[in-house]
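J.: Please read through the structure below; I'll follow up with questions.
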Amino acid sequence: MLSYPFMQNAYMAGTLIAIISGIMGVFVIARNMSFLTHTLSEIGFAGAAFGIFLGWQPLNGMLLFTTISSIGVGELGAKSSRRENSITAISALAIGLGILFLSLADSNASYATGILFGSVIGISRANVIQMVALSVAVLIVIALIYRFLKFDSFDPVGARVQGLWTRTLSVIFLVLLAFSVSVAAQIVGSLLIFILLTLPAAAAKYFVHTVGMMSTVAVAFALIGVWLGLYLSYVTNWPVSFFIAVIEVLFYFCALIYQRIRA
Amino acid sequence: MTDSILQLKQLSFAFPDKQVINDLSYNLKKGDFLSIVGENGVGKTTLMRLILQELKPTSGELAFLPNRNAVKVGYVPQFRNVDSEYPLSIQDFVGLNFARFGVPWLTGSERKRVREILKETKLNDIRKRPLGQASGGEKQKAYLAQALLDRPNLLILDESTASLDPVAKTELLDLVKQINNHQQLTVIFVTHDIPLARRYADDYLFLSPGHYEAGKITELTNEKVGAMNNA
């Protein structure tokens, strides 16, 4: 299986995606941003379609749309009720635009399917290099601001009263999330990206007692899901995103059962 | 005046529809244990937000002495929205206040300081317990430990005892009083509980709608409280 270049690329890309998703997922869960992550993936779909329409790499279109949207959402961040409604409106607009751009680009249905549901064979070596660069950039920024992000995510009241620059931190986090969504969508597709950015971390929190361990276990769950998903997809020729979704949902339900037994 | 840490001069603050603080002057000295008392809506929280510089005075002056950088404020709010399911041990929670650029993990000296403050606040034995499983009193001690971590010289307890049982209130305030006495930590204790304020504070600042009164806590009699509330 690993003698095929497309599988080598898929495994390299998948490993990066799992690491980034596991780490970012911890903060997505702590900041209650699962819904926003889902919306960013829909915005990513519109961006990818826009990229195709202009003849760009879909990843570049995704990066453009998700980054601009994340900054916009960060600016709306002060009032959460308004933010929820705004996100819903942006989400609807994004899906509409995505469909329009795909139609205008006159692309075939398989292209749309690839963007929405991901693809194993669609990852080129050039894609992998771009994803490595983006992933390393995201990981460096997270490492630099990790302590601020941890404080603000797990104890927002404490962070505010200690004078942390929480508003700026929120915008930086959203931009990192936009990058992570765009990178991760390359394999699982824009519709299912929130699986990797939410479920591994949501499951991990029930098994550990520290935030550091939560990140480690979340990365492990994401890696198992991606690696096993790619293998099963290769063997069965079924979509990889289906297997990843099933594996991560299983982890999550096992975590809930474990929590119930322990309580 | 050399001992002053915070000076309020004719401080006023108004929201667009309501005057909250009116012409308040007060001089807080190093090592003071001041209790700010008053009913709901008289401006206690607004005054704290002014001290924390989340709000700007409409008029008057609020000055840290000898300068802003010389005064480090530790703040313990009444409520925290820390999810009970978070994998955050008490030790981990206290260490959050070491928010710095650089390495994601705490350095050796930072870990040492966390251990010191856990011992000082009598949390060392339960340091590995998830915060979500701690009792109300233990949680408030953890909030206190976090606020004290970075060695503040002004500690604000904002209704921190409001949701605690009498034993936990006493434990928390005994601890704060001990630190106040031994380390000359200046304390502002915001509360509704006047008997508790009388037991621990040295001075009071009584806020009531439109005016205020300050003095030694021993002078805060029930008659005075009744007169202020009815004024």
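Even glycines carry a Cβ here, placed using N, Cα and C.
Curation plays no part in TrEMBL annotations; they are all automatic predictions.
So TrEMBL says this about it:
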type     : residues  : note
TRANSMEM : A:12-31   : transmembrane segment
TRANSMEM : A:43-66   : transmembrane segment
TRANSMEM : A:86-105  : transmembrane segment
TRANSMEM : A:126-149 : transmembrane segment
TRANSMEM : A:169-199 : transmembrane segment
TRANSMEM : A:206-232 : transmembrane segment
TRANSMEM : A:238-258 : transmembrane segment
J.: Is it the case that the transmembrane segment (A:238-258) and the transmembrane segment (A:126-149) have 3 or more CB pairs under 8 Å, with pairs at least 6 apart in sequence?
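T.: Per Cβ check, the transmembrane segment (A:238-258) does not touch the transmembrane segment (A:126-149).
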J.: Do the transmembrane segment (A:43-66) and the transmembrane segment (A:86-105) share at least 3 Cβ pairs closer than 8 Å, excluding pairs fewer than 6 residues apart in sequence?
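T.: Contact criterion met.
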J.: If you count every Cβ pair below 8 Å, which range out of A:86-105, A:169-199, A:206-232 shares the most with the transmembrane segment (A:12-31)?
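T.: Per the Cβ count, the answer is A:206-232.
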J.: Please indicate, using numbers and ranges, the residues of the same chain that are 6 or more beyond the transmembrane segment (A:206-232) and have a C-beta under 8 Å from a C-beta there.
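T.: Same-chain residues near the transmembrane segment (A:206-232) but 6 or more away: 1, 7, 10-11, 14-15, 17-19, 21-23, 25-26, 120, 150, 154, 187, 196, 199-200, 238, 240-241, 243-244, 247-248, 251, 255-256, 258-259.
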